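For reference, the structure discussed in these notes is given below.
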Ligand code: F6P
Ligand code: MN
């Protein structure tokens, strides 16, 4: 039997679980944006989309052409749904409102249109990440404060990974499902349901080159993992680093592990590298819905009240036992 398409899945959720049709429209709009981005990623140099755009985003990072193109594709697709009233994108410094000429809806969307920028030009996995919040009330001009709600308020979150296959991973707050894009028909089809992350892990992901800049609890935790069988953990751990959060999270959802991006003494006024609204929160919601955990070392990521739309945060996510352990090391400093 052919697996359910994303549209059929959303229709089923509307019937069985009362999924709001407007929320379904937002998710469907995002999936269309992801298909278009996937096709450009696959064409690469042939579509003339590789290389630098010659500009910087608000965080002072060089923008690639595909970062900007993907951002525009997301904004356009979301506006077309008529179901959103504000957007925050990694690539745009201010909140994006819906133009006067277009319909307004009840949802706010925060997204990273293309995560893992350093992988774009080398043909390694990248992805798009999104989180969908309910607005208090739809209004023409969205403001930053509209987004200052802890991630536990998200109605849906997900990501699309452009790897050997294009896969869309989604949570509506009741588990995690995965769709694979059929490149022949352009349809996302449900290929995994009830995705679970084991509590225990034997694999970790962290940029080890930053070790000397980490805080003590992180140095202790990683030091113990590196000692393997000979140390207090009494077992060996393997390491992976793809340098795209989407790909690390995707691996962890398939075969377990922990992903970390801790704070760094080189930038003491910055609590981490990853952004709360459109990187940490959506991935934290996915992890928790798969039975995993996500903290900033001190508290649950989904409990943090944002104060800035591009706020950064330290991230420890994945296997619950490992996240609990590294969090405990921070707390008993
Ligand atoms: O968006 C930030 C990001 O690209 C993540 O996707 C990734 O996990 C991380 O940065 C890679 O960081 P580094 O450059 O330290 O390897
Ligand atoms: Mn990113």
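Counting begins at 1 with the first residue displayed.
Placement of Cβ uses the backbone N, Cα and C atoms for every residue, glycine included.
Features of the protein shown, as given by TrEMBL:
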type	residues	note
BINDING	90, 112, 114	Mg(2+) 1 binding site
BINDING	112, 115, 279	Mg(2+) 2 binding site
BINDING	115, 116, 117, 118, 207, 273	substrate binding site
DOMAIN	20-193	domain 'Fructose-1-6-bisphosphatase class I N-terminal'
DOMAIN	199-330	domain 'Fructose-1-6-bisphosphatase class 1 C-terminal'
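Features recorded in TrEMBL, as mapped to the structure shown.
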residue: 90; record: Mg(2+) 1 binding site; Cβ within 10 Å: 26
residue: 112; record: Mg(2+) 1 binding site; Cβ within 10 Å: 29
residue: 114; record: Mg(2+) 1 binding site; Cβ within 10 Å: 30
residue: 115; record: Mg(2+) 2 binding site; Cβ within 10 Å: 29
residue: 116; record: substrate binding site; Cβ within 10 Å: 21
residue: 117; record: substrate binding site; Cβ within 10 Å: 19
residue: 118; record: substrate binding site; Cβ within 10 Å: 13
residue: 207; record: substrate binding site; Cβ within 10 Å: 14
residue: 273; record: substrate binding site; Cβ within 10 Å: 19
residue: 279; record: Mg(2+) 2 binding site; Cβ within 10 Å: 27
Over the domain 'Fructose-1-6-bisphosphatase class I N-terminal' (20-193), what is the model's mean pLDDT?
95
Neighbourhood of ligand 1 - binding-site residues from 90, 114, 207 with Cβ under 6 Å:
207
Could you check what DSSP calls residue 114 (Mg(2+) 1 binding site) once collapsed to helix, strand or coil?
strand
Out of 207, 273, 279, point to the one nearest residue 114 (Mg(2+) 1 binding site) in space (Cα versus Cα); all of them are binding-site residues in the record.
279
Residue 90 (Mg(2+) 1 binding site) versus residue 116 (substrate binding site) - Cα distance in angstrom:
12
Find the shortest Cα-Cα separation between residue 112 (Mg(2+) 1 binding site) and the binding-site residues 118, 207, 273, 279, and name the residue that gives it.
279
Within 10 Å of residue 90 (Mg(2+) 1 binding site) by C-alpha distance: pick out those among the binding-site residues 115, 117, 118, 207, 273, 279, and say none if nothing qualifies.
115, 279
Based on a Cβ-to-ligand 2 distance below 6 Å, what subset of the binding-site residues 112, 114, 115, 118 would you report?
112, 115
To the nearest Å, how far is the Cα of residue 273 (substrate binding site) from the Cα of residue 279 (Mg(2+) 2 binding site)?
10
Largest separation between Cα atoms (Å) of residues that the record links to substrate, namely 115, 116, 117, 118, 207, 273:
16
DSSP on residue 279 (Mg(2+) 2 binding site), three-state: which is it?
helix
To the nearest whole angstrom, what is the C-alpha distance linking residue 117 (substrate binding site) and residue 279 (Mg(2+) 2 binding site)?
13
